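Annotated features, as they stand in TrEMBL:
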BINDING   A:C92, A:C95, A:C132, A:C135  Zn(2+) binding site
There are 2 protein chains.
Amino acid sequence: MSDLLERLRGRGWRMTAQRRVVAEVLDGDHVHLTADEVHAAAIAKLPEISRATVYNTLGEMVTLGEVIEVATDGRAKRYDPNAHRPHHHLVCARCGAIRDVHPTGNPLADLPAQERFGFSVSEVEVTYRGLCPHCAAA
Amino acid sequence: MSDLLERLRGRGWRMTAQRRVVAEVLDGDHVHLTADEVHAAAIAKLPEISRATVYNTLGEMVTLGEVIEVATDGRAKRYDPNAHRPHHHLVCARCGAIRDVHPTGNPLADLPAQERFGFSVSEVEVTYRGLCPHCAAA
DNA sequence: TTAAGTGCAAACAGTTTGCATAGAA
DNA sequence: TTCTATGCAAACTGTTTGCACTTAA
């Protein structure tokens, strides 16, 4: 637990009440909050934290490579603290729920050389779309 | 050529000068323009076309399923007219160039049942990231 | 002590919407 | 003729930035 916070500390990142709260809010598995949701949750622990600080802090965590930005097509970006275990996303087309899933093979292998258009490919991002059990039942 | 326009006509879509121009601008392979780029190109052919109309028209094409919205993490959404041949995207991490690539197997098969969290998965979206030949050389 | 982080508010980009007018069918 | 699409401008959402103040190290 609070793995994200540990990682940030370990990198000698200057720690403040605001940064600690953002890291705590964002930590965990299957966490994919928007900046605004992070802000709302952070306010519960530290009422005077500002939106700008939340945005700045999230941006820095992304730059540090400790948090991943997930563009889910919806309006706002989501932030995923699970940056060190490679994984893909399973998204509910109706309610937007997201779960982390782990690749079985090496998806890079699925792109044959003649399909690479001369690119040097280093990363693959996979999003599975469907209905979550709850929405499928409704 | 002008395949998109044909498809839209074939669906009995009410045709106007503006809609035709948007369809013409967006048509082709490896086309992934932002709404603003579509607007700029449309203005060259029809100076009085408004931004709102371009946004509305693109939105309708997406609803009709004739155009795909691509969220490339950058700021603005991109629009892809190649809606009927399933394909994935190869994105240059530096300049944002996008190419269409075609899947080799059935990527849905890569997600074992125990990883589905009860979702009924119907679609997969794959984005390969790397450097295009031009950026790799620079 | 001092460089770095914070809050505020204002600026910004991308997108959507309300309403009167124009135009396709 | 009639119903839908258009243009304009204003509203909106998500995000970034400039600047004076505060604070961790």
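Note: Cβ is positioned from N, Cα and C throughout, glycine not excepted.
Keep in mind that TrEMBL annotations are predicted by a computer and have not been checked by a curator.
Candidate binding-site residues A:C92, A:C95, A:C132, A:C135 yield A:C92, A:C132 as lying near chain B, with Cβ-Cβ distance under 8 angstroms.
The binding-site residues examined here are A:C92, A:C135; by Cβ neighbour count within 10 Å, the least packed of them is A:C135. Cβ-based neighbour count (10 Å, all protein chains) for A:C95 (Zn(2+) binding site) stands at 12. For A:C132 (Zn(2+) binding site), the Cβ neighbour count at a 10 Å cut-off comes to 23, with all displayed protein chains included. Taken residue by residue with DSSP, A:C95 (Zn(2+) binding site) is part of neither helix nor strand, so it is coil.
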